[in-house]
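Before any comments, here is the structure.
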Amino acid sequence: MRASPAVRTPALNTSSRSRLGSSYARVATSVTRQKFRTAACASVKCSAVHNAAVHSTSSSSSSNSTGASSHPLKPKPPRPQQQQQQQQGQSASSSKAPIAQQSVVAGSGSSSSSSSAAGSRDMAQRPAAAAAAGSSLGDALQLFAGAMPKSEIGALRFLEQHPNCDGRGVVVAIFDTGVDPSAAGLQVTTDGKPKIIDVMDCTGSGDVDTSTIAAADEAGCITGASGRRLQLNHGWVNPSGQWHVGCRRLFELFPKPLQSRVKEQRKKAFEEAQRAAVAAAAAAALAAAAKAPPATSSSSNTSSDAATPAAPAAAAAADGTNPAAAAAAAAGPSKSELEARLTYLQDSFKSYDDAGPVVDCVVWHDGSTWRVALDTSDMYPDYSSSSSSSDEKDEEQQQQQQGCGRRQGLLADFTPLADFKQERQYGKFSGQDGCAYAVKVYDEGNTLCIVVDAGAHGTHVAGIVAAHFPDDPAANGMAPGAQIISCKIGDSRLGSMETGTGLVRALAAVMEAGADIINMSYGEPASRADVGRAIDIAAETVHKAGVIFVASAGNAGPALSTVGAPGGTSSALLGIGAYVSPDLAAAGHSLRQELQHGQQYTWSSRGPTHDGDIGVALSAPGGAIAPVPGWTLQKRQLMNGTSMASPCAAGGIALILSGLKAHGAAGPNGSSSSSDPAAAAAGTGKQWISPNRVRRAVEATCQPLGGAAPDAVLTYGRGLLQVDAAFDYLLKSADVDLPDVRYDVAVSGGPGSSAGLGAPRRGVYMRQPHEAAGPASYTVSVTPALHEDASVDDKLAVEEHLVLHTNAPWLSAPELLLLHHNGRTFELRVDPTALLPGLHYGEVLAINPDQEWRGPLFRVPVTVVKPQDLLQSPDIDAAAAAGATSAVEQPPTGFGGAAGGAGVAAAAAAAGAAAAAAGGDVPPHTLRLGPLTLQPGQELRHFVVAPAGATWAEMVIRGGSFDTPKVYMIRATQLLPDVRFSDSEYRTTLTLSPSSEYSAAFKVAGEATLELTLSQFWSSLGSSSLEVELSFHGLAAQPAAGVLGVGGPAAAAGAGLLLEGAAGPLKLLVECPLRRQKVKPEAKLTHANLSIKPKEATVEPLLDPRDCLPGGRVAYRLVLTYGFTVTEGGKYKPCVPLTNRYLYDSPLEAQLTQIFDSHKRLLYTGDAVPDEVALAKGEHSARLLLRHDDRALLEKLKGTCLVLSRKLDSPVAVPVYSSHAAALTGGSAAGECFLSAGDRAMLWLGPVPEDKLPKDAQGRVLEGTLSLGQLRRGSGAAPAVTPFAYLPPPPAADKAAGKGDSSSSSKPPPKPPAERLSEALRDAKLALLKELKADQPEEAAAAEDLSTELLAEAPSHLPLLLEVMKRRDAAAKGEARAAQLPAIIAAADAVIAAINVPELAAFLALRAPADADEANSSSSSSSEVSSSSSGSSSSSYKQQKAEKDAAKAALLEALRVKLKAQLEAAEVVPGDAAAAADVAATAAQLRQWVDTSADKEYLLLHARVEAAAGRPAAALTALDKLLAPSDEVPAAAAPEASLLKRTLLQQLGWQHWAAYDEAWARVKFPAKLPPL
């Protein structure tokens, strides 16, 4: 439930996490969501121009001044002149130079003209003038006023009475994906103040490591973190001379829709260069075939030199960098080489995948504040080749003389940015993307945060709250005078999912900034309500800082108990449901038929919570056409969801607060917008704007919805928000509502374990069969809670004389309650005995009899579900006794209004029974409903007990006779202790045609109530009818009694199945408790799990200002580092079982997991709900971040394991036998059979043959499932499966182990003692030589002396010669290496000479003897490499093979070192034909032993040889094999290979591919790990 509608959540994937934004019930008739998806993902054509716009808005001290002017910053010639962007909606400049837009308010000391200020004042007055004029345009705009629903909540009535209380003086924090500071309607308030006060990225997903310090050279250039040379602007002030540099890949910041659009735009430019290159290559190949000079290309992207076949070789020969190429230059490339180039170009494009632009970031302190500049030139890739105009070459030569070289980007033209909060500046990366960003600098310049929104959702939400359109007041948000703080909690690394880090940082920022209201349109299911670290900090923000926290209730309806956390589960927050009015349906959704009345959106989540709270506090319109970011290429867009209802309510509350402040009331920061002393006095001088008072007011004055339906309160909360009534209530209660009190209600005793064992409850929720079986008594504790700073007098003043009312006859409570500060308890009796099956809701209301107009001061909600028991139903029993057939009672077709029904009426039950009787016998454990009549937006609920032993249910839905296909939302929901509702719910949205049928099967838990919810989608017009059949089935397997081992008694007690491969088959008892079932046992292994212990654990304080908690508390983070080797590539899921699947209900603040390959490339970022990631073979590392302010807690978690769960490419079958004999002998597997109700049978499970196990099975726990039942309708296995774990047996012992001691085979005769002593001394010295470090002068000198000594003693000892060669090669570095190349080649020749190459080749060509294994067992192999040309005649084949393999390895290493040195020597002596011949000879000798074009150890060397021989196409092919293996991590030489590849591409004139490869090199080979 946490994904953006356009980003993450699939149409019907209800188990995925999603932001509580747009409805996730995708339906064919839902025009609105289809519109949104299409618009958000649209692609457009943009020219490749640079427009990194910088915008700045500053406000004067006068609230009446709204003047603004703009002036561009003149760029350096020859850059073209920029255009201005004075209003939203104007197109951006097409210039490559950045523009600076600075809006300066009149009176602020700027050069703003008076006419500009006057024009802005006119803009502030236009809404009233336009309304008064009643122009045709105004009338047309007014027709669409319903698209921004304000009248439904009384906002328009309030504004008519209080026109200046339009949100002025109120600050609303938006916790979301981030708000676009350039969006239409979000620039200025109605009184001329900046609309957006601050934008911040609380997730860290925009962080850039800028800890590297660069110094400028004489030319004013620095080296950026990307490696590019950057020209600084000489006008920038930097007293310290320290330039902090970093870089960031923009595709990591861009929202997915924008990323797709930019990719498409960039691909067009790339294709243009590719076409030119292919044309030139084809022309060259044809010319070579015709033995005629090739035609030159006219394309500016491909040079004339590149079009000439001999261009690379000629260029290399000319500059003296490749002597081998000099010889080939005269003749030019061969025909085969030219054809290979053409093929390479064409094949390369098949795998094209843009890595995206990289921005270089520069941060410095100008003496007063931190400044930031970005080089965004990579947004415009330069695909030009070495062919340039004479003017460009002159400019390039001039720049080279100045010390910077050609094309230094656009950094110097960038207008530096400061913190948005300080100067309210924002930029845009280019004129193509339209993506606005702001910057923040932390940690003394070592961390830059580029704040980019993670989706359009946050801007849309902010627009609903406070958009201001002077020319279109109907499009204004709820509170156009309010100001906004954007707190991005949607992490771009996670596709906009929220993180605990983002939420906690945002809460801390809000408390620091003194915001009045928080709106959070995010959430997800939680296993428990009103608990968790994030919930605790949110409650602190509300109760201590006095911030009103409004949040969406969720989009997981229409079933009960589907509210999400935190909005629907926390008492501190106002959870908002989504309501659709007729006006909104017409103007917003463009519904073809007018709604007769408003109703709740079908997908809006319902209460109660697991612990009995109603969940939904109130409702507000849940759709709007509101502003969206500029990168969407439209100003406004329709979205719907509780994500839209929440800001509608937040904006309405902002109006209330604006009115209260105008009347002298103080907000949480003690501020008041009133300048009237009399008005201030009317506020009693006390802080009477508080979350408690506002909540009481808005709930007491809501417009009730749903009538008398039992689910009305659980659906709508207290009703539809009414702004004007709530404001009047607060004014009236100002004198009596003192001191500021909230009333905490806690319920204990009685049944109700759904909330969890020992969990606190905020109401009564009787849902399970045993809970509503008889009367129950509960103890209700009510505690008045004041602010922690409340005085003793305030506490003594708390005394409420309350009358307790119950609104249901089955509730009983005391009549009177005298309540003091320390609280009271009373008994509540609930007697559901006489209630009919279905849903029932009631409350205990506490009312002050002297002030009944205030409404209840507290309530105790009571929800009772009486489920239908298919075995004990009186109707079924009566029908059976009469020998007739009947169905279980059906729910009524409606309860009036749009609320739908949940109770069961006697008349409807009789009708259902009669219909079922006419339809035939009802099978056991089967529920039949229908025909059921539904209207748009109507829900029908039926509650039934899943029989004991039931493990799955099968459902059939049949459409009746209606005119057109209808859309339905179907839910089958069970609540289990400490389990998210989404994990125990079947949910689907389907389109059903008349007389058609839909069938489904899902898992159930026996003896638990199942709620079957049938709802016709609100916009699926016209009535319809359905018939439903729900049948329960059950098969269960458990270890049979008496089974020994871990899987025996423990599993029988419910611990699950554990199959030990070494223990043989596991005996299972299979039971069939309900009905005759077809049994087809099948078991398979699907996952291999590897547990990894951390190799490093560090607990460190978080001193970043973003992480500072109120009260001076310090937060800490635990960083765990893991290392592991992937032996089998595939899909892996990184899991932390201790913390996964807990976010809001987690005791930790945050968790974050990252995985890297051996080159530090980030492969995966995950949080509480892990996803799969593709991992190749090779070395990897991982980091796990855990946060909390309790250091001791984090210390306890240092041993937390990471579990890598690999999904097997193909499931491994686990044998299942029907008898012990078959299991023992490996006989036939168990086949199909039938079991009748009450039958039992035995099965034997496993083990798995060793040759069938995955290659990496050892050291892992394998997971799988056992399937037993088959579906009644159709074929296939039932969804209920039994999971099991499999422990592979120990590996088979080595056949040779234990035989050597008893072998009588001959061994080599022992050597004389003197010889053995000499060899031991030699080996000891050699071991010391290997330990001496070449980078320490003293040890290096000692190594040289020792080498000389050993060579004199053993001149032909191969291990010694090999070590000497390696040391000489490693020691030769830098400029001195060229002089050492002859010595390296000589050392390699010494190694080669010590090996009898012909004999080695002859031995390796021999076929191993058939009895090699037996021969091997008679002798041990020697680990020493012998220099002798022949082995002892008594040596075994295995010993000889080991010696020859070692000799071959030494030979290959010597040839590799020699060839590498010869290549370097050839570069030192340009034009040396002998050196080129030596290279060719050594390469040919090496290829006799290994295929250098295929072996990854030699691919780089092979590429260098091919390049030196003038065959760059072959060289590039080899490099691609090294750089992009599909099944393993790139080799250690990959970075060097990438550099060589770019050099070759540039020599060929393929600049577009060189730039492409350079971009990917930054991704694949980063210099360091990214910030956490």
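The backbone N, Cα and C atoms fix where each Cβ goes, glycine too.
Annotations in TrEMBL come from automatic prediction, not curation.
The region 'Disordered' feature in TrEMBL is assigned to 1-26 (among others).
According to TrEMBL, the compositional bias 'Polar residues' annotation covers 11-21.
Here TrEMBL flags 55-122 (among others) as region 'Disordered'.
Here the domain 'Peptidase S8/S53' (167-661) returns a mean pLDDT of 88 for the predicted model. What TrEMBL lists as domain 'Peptidase S8/S53' is 167-661.
If you look up TrEMBL, you'll see D176 (among others) marked as active site, charge relay system. Neighbours of D176 (active site, charge relay system), defined as other CB atoms within 10 A of its CB across all chains, total 32.
Residues or ranges marked as region 'Disordered' by TrEMBL: 380-408 (among others).
Summarising the annotation, TrEMBL assigns active site, charge relay system to H457 (among others).
TrEMBL lists S643 (among others) with the feature active site, charge relay system.
Per TrEMBL, the feature region 'Disordered' maps to 666-686 (among others).
Among the features that TrEMBL reports, domain 'Tripeptidyl-peptidase II first Ig-like' is placed at 761-865.
The domain 'Tripeptidyl-peptidase II galactose-binding' feature in TrEMBL is assigned to 935-1022.
Residues or ranges marked as domain 'Tripeptidyl peptidase II second Ig-like' in TrEMBL: 1073-1258.
Sequence annotations record features per position, and here TrEMBL assigns region 'Disordered' to 1282-1316 (among others).
What TrEMBL lists as region 'Disordered' is 1413-1440 (among others).
Remark: secondary structure over the domain 'Tripeptidyl-peptidase II first Ig-like' (761-865) totals 11 helix, 54 strand, 40 coil, with classes taken from DSSP. Between the CA atoms of S643 (active site, charge relay system) and D176 (active site, charge relay system) there is a gap of 10 Å, rounded to the nearest whole number. Against the domain 'Tripeptidyl peptidase II second Ig-like' (1073-1258), stretch 167-661 has more CB pairs under 8 A than any other of 167-661, 761-865, 935-1022.
Calculated from their C-alpha atoms, the gap between D176 (active site, charge relay system) and H457 (active site, charge relay system) amounts to 7 Å. Broken down with DSSP, the domain 'Tripeptidyl-peptidase II galactose-binding' (935-1022) shows 4 helix, 46 strand, 38 coil.
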